[in-house]
Every structure is written in C-alpha cells, then in structure tokens.
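Peer 1: Got a structure for you, written out below as structure tokens; questions coming shortly.
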Amino acid sequence: MAAPKTQGAATKGEEDGADNRGGAGGVSYEDSKDCILEPLSLPESPGGTTSLEGSPSVPCIFCEEHFPVDEQDKLLKHMIIEHKIVIADVKLVADFQRYILYWRKRFTEQPVTDFCSVIRINSTAPFEEQDNYFLLCDVLPEDRVLREELQKQRLKEILEQQQQERNDNNFHGICMFCNEEFLGNRSVLLNHMAREHAFNIGLPDNIVNCNEFLCILQKKLDNLQCLYCEKTFRDKNTLKDHMRKKQHRRINPKNREYDRFYVINYLELGKSWEEVQLEDDRELLDHQEDDWSDWEEHPVSAVCLFCEKQAETIEKLCVHMEDAHEFDLLKIKSELGLNFYQQVKLVNFIRRQIHQCKCYGCHEKFKSKADLRTHMEETKHTSLLPERQIWDQPQYYFPTYENDTLLCTLSDSESDLTAQEQNGNIAIISEDTSKLHALKQNSILNQLLPHECLKN
C-alpha cells in the first residue's frame with residue numbers, strides 16, 4: 001500500500017502546529033531524512049549485524065519493508081521518516097507484532113485520517129513547505145480496545161506458561177554460588193539459594209520464564225558483574241568477596257530487564273510492579289484504623305549452629321545446643337572470656353565450617369551436613385574448638401549468612417548468666433569484719449574529716 005499523501009489542503013481531524021502534540025516545527029521533509037532518532041552503534045562484525053533467516057519479523061504498516069522483532073526502533077524510525085506516522089506509547093503495547101498487523105489491515109480498508117490525528121508542522125512557513133504527520137494513539141477507542149485485548153492475551157499466555165513451570169518436575173539447574181546440581185521442580189533451586197546463600201529473587205510462584213531468568217543472572221556472574229550494583233571485577237574471588245561484604249547478593253530492583261520475569265508486571269496495562277504495589281499500599285493507608293490494640297509482634301527466631309532447630313531466645317537456643325549437641329556457648333564464652341566481637345567471629349567460624357561440611361575438631365570433610373552432624377556428635381567434636389588463632393581472624397567479622405539472627409542476640413554484658421549461675425552454684429565471699437576497730441583506725445575518712453573541719 002502506498003504511503004498516504006500529506007501535501008495539500010488540511011484533512012479531516014487536522015490540528016494546527018501551534019498546539020500540536022509532538023511536532024518538531026521548522027523541520028522539512030529533506031531534513032527529516034538526516035535526523036538521528038536513535039543511538040548509533042558500530043557494527044559488531046565486518047559485515048555488520050544482519051537478521052537470521054527465519055527469524056520473526058514485523059512489516060511496515062504502509063509498505064513491504066520488514067524488520068526483525070528485536071529491531072522495533074528501526075521500524076518506528078522508518079515509519080516516521082518515510083510515512084510520517086507516529087505511534088504513541090509504544091511501550092504500553094503488549095504485542096507489537098500483532099498490533100502492527102492489525103492496523104496494516106485496517107489502513108487498507110479505510111483512509112488513515114479516519115483513525116489518526118493530523119498534526120501540521122511548520123505551519124507558519126509557505127504552504128509548499130508545510131507538512132502533516134499522523135498520530136496513532138489510544139485516544140481512539142478502537143486503538144484502546146486493541147491494546148487492552150493484546151494485554152489480556154499476553155496475560156493469559158504468561159499465566160499458562162507460569163502454570164506449566166509450576167507443574168514441571170523435569171527442571172534441571174545448578175546453583176550459581178556453590179555449583180550444586182538440582183533436579184525436579186524449579187522451587188528446589190530457588191529455595192536453596194534463598195536459604196543457603198541469602199540470594200532471594202522472589203517466590204517461585206511469582207516468577208515466569210525461570211530458565212531464561214537464571215541464564216541471564218548466570219551470564220552476568222560469568223562476566224564478573226555484580227548483580228546488584230552491576231560493577232565489573234577483575235576475577236571471581238574479588239566479585240564473590242564484594243557481593244558478600246557489601247550484601248549485594250540480590251538483583252538490582254531498578255534494572256527493568258528483570259520486569260518481564262515477574263507475573264505482577266503483566267497484571268495491568270502500562271503499570272509496573274512498583275506502581276501496582278504503591279496503589280495497594282495507598283488503599284491500605286486509606287482503610288487503616290488508629291486502633292493498635294490487636295498488634296502482635298512476632299519475634300525473629302535464631303537458628304542452631306549445627307541443625308535446623310530454631311528458638312525465639314538465645315537462652316532457649318543455648319539449652320537446645322547443650323542438650324542435643326553438647327555445645328555450651330555460654331560456658332565457652334565465660335571460660336575463654338570472649339567479648340562481643342570474639343563471639344561474632346566464633347559463631348561465623350562455626351557457621352562456615354558447618355556450611356562447608358567440615359569438622360572443625362579433626363578437619364575431616366563430609367558429603368552432607370547430616371553425616372557431619374552424626375560424626376561430631378559421636379566423636380564429641382562439637383565442643384572440641386581449635387586454637388584461638390584459627391578462628392579469631394578478621395575474616396570472620398563478616399557473617400556467613402546475612403540473616404543470621406543469632407549474631408544480634410550476642411552480648412558481652414557482665415550480667416549474662418553462665419551455666420554455673422543457672423544451676424544456683426554461686427560462691428559468695430563475705431567481708432571480713434573481725435577487726436572492725438582496726439579498720440576504723442586506718443580508714444581514709446580519718447584524714448579527710450579534720451581537713452574539712454579546718455576548711456569550714
């Protein structure tokens with residue numbers, strides 16, 4: 001189909017350039033060909049980048065030019081320069097290819113001016129230098145309905161894909177941090193990374209196209225790029241230390257590349273997850289009451305050093321570790337005279353050894369934590385701590401687990417009860433008052449009192 005004629009008298013729906021919505025006044029047709037409408041880049045190969053044969057393409061609305069789907073900006077540029085048509089809010093179009101095909105067919109049935117607003121640019125110039133541009137936007141009811149239908153169709157496809165992934169038990173993946181292999185459902189790997197490495201990308205049921213998501217994250221790590229600040233480092237060890245020390249074991253929430261992997265971003269047309277969440281928060285604020293009488297604070301539980309047992313207080317946790325693993329943390333603290341920072345280093349040291357399935361008593365390594373726990377309990381190695389210089393190192397200032405609540409409950413207060421105090425066996429030494437008269441004679445008060453009297 002030939003491009004619509006734009007020279008001549010003003011057509012139906014025409015708007016003067018004085019109040020147009022995006023026209024660039026003073027730009028002639030010849031000059032528009034030389035405009036740079038997108039960032040330029042050098043070719044990546046000697047022959048330039050070309051689209052693969054058989055790759056999906058999108059045709060121009062008016063002519064037979066085709067462009068690859070991933071080169072959407074080139075098609076938009078072509079339509080602006082060659083056919084003077086502008087599509088508003090392209091980012092809100094859920095399926096660009098279907099959108100273009102629909103309007104390509106409609107423009108063969110009716111004139112373009114029946115659908116588009118006409119914007120005259122350079123309106124103060126002589127008539128032959130004036131030009132008309134066409135704006136296709138959702139102000140047109142038909143365009144609005146089309147965008148909503150495409151959004152519903154995309155949401156349906158995403159939910160079907162998500163349901164398929166939720167029920168898929170043939171998933172195969174490798175942990176990005178410890179290279180452990182996982183088979184079965186995707187949730188096994190995601191929960192492992194969240195629990196063992198404090199790397200949480202969200203609940204498995206909220207994620208779609210999980211394989212592609214994990215591949216993108218793995219590729220960034222292979223390129224020595226931090227997932228949060230996205231800086232590049234010289235080697236893997238430096239990157240690993242940076243992410244651990246800076247607590248960057250998480251993805252960058254401002255990177256829009258990740259939005260397509262979360263179902264919430266498909267729920268409402270033109271709204272990101274942040275906007276949807278903000279509306280939910282506002283709704284809660286509008287309906288909240290000032291009555292806080294039913295507020296209940298849920299205490300955060302600390303986890304045992306050797307197993308998965310959790311307790312709400314350090315006292316309960318210490319009792320468990322003493323009964324189940326014969327490890328008395330309070331006694332060790334008292335006997336070794338550990339201050340707060342030394343306790344932190346000791347806890348982080350034990351956490352790291354247990355995480356690596358290594359016995360700190362005999363340095364033997366095991367295949368699983370269960371085997372290590374059995375060995376340590378049978379050999380009584382839980383209480384066999386190595387020399388202080390082994391664990392009292394600056395590297396153990398940094399937590400093995402970012403969410404280790406036990407570190408927050410440690411204290412170097414002199415009022416902490418030791419195991420001996422809990423049993424009531426407290427030795428009390430009374431003051432010697434057998435020579436009370438001699439004490440009064442030698443008291444320093446005898447020297448202070450006459451001095452004060454003379455002074456008065």
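For all residues, glycine too, the Cβ spot is worked out from N, Cα and C.
Those TrEMBL annotations? Automatic predictions, nothing curated.
Pasting the feature list from TrEMBL:
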DOMAIN    224-253  domain 'C2H2-type'
DOMAIN    355-386  domain 'C2H2-type'
REGION    1-31  region 'Disordered'
Peer 1: Let me know the model's mean pLDDT on the domain 'C2H2-type' (224-253).
Peer 2: 89
Peer 1: Over the span of the domain 'C2H2-type' (355-386), count residues by DSSP class, listing helix, strand and coil in order.
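Peer 2: Output for the domain 'C2H2-type' (355-386) reads 15 helix, 2 strand, 15 coil.
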Peer 1: For the domain 'C2H2-type' (224-253), what does DSSP give as the number of helix, strand and coil residues?
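Peer 2: Grouping H, G, I as helix and E, B as strand yields 10 helix, 2 strand, 18 coil.
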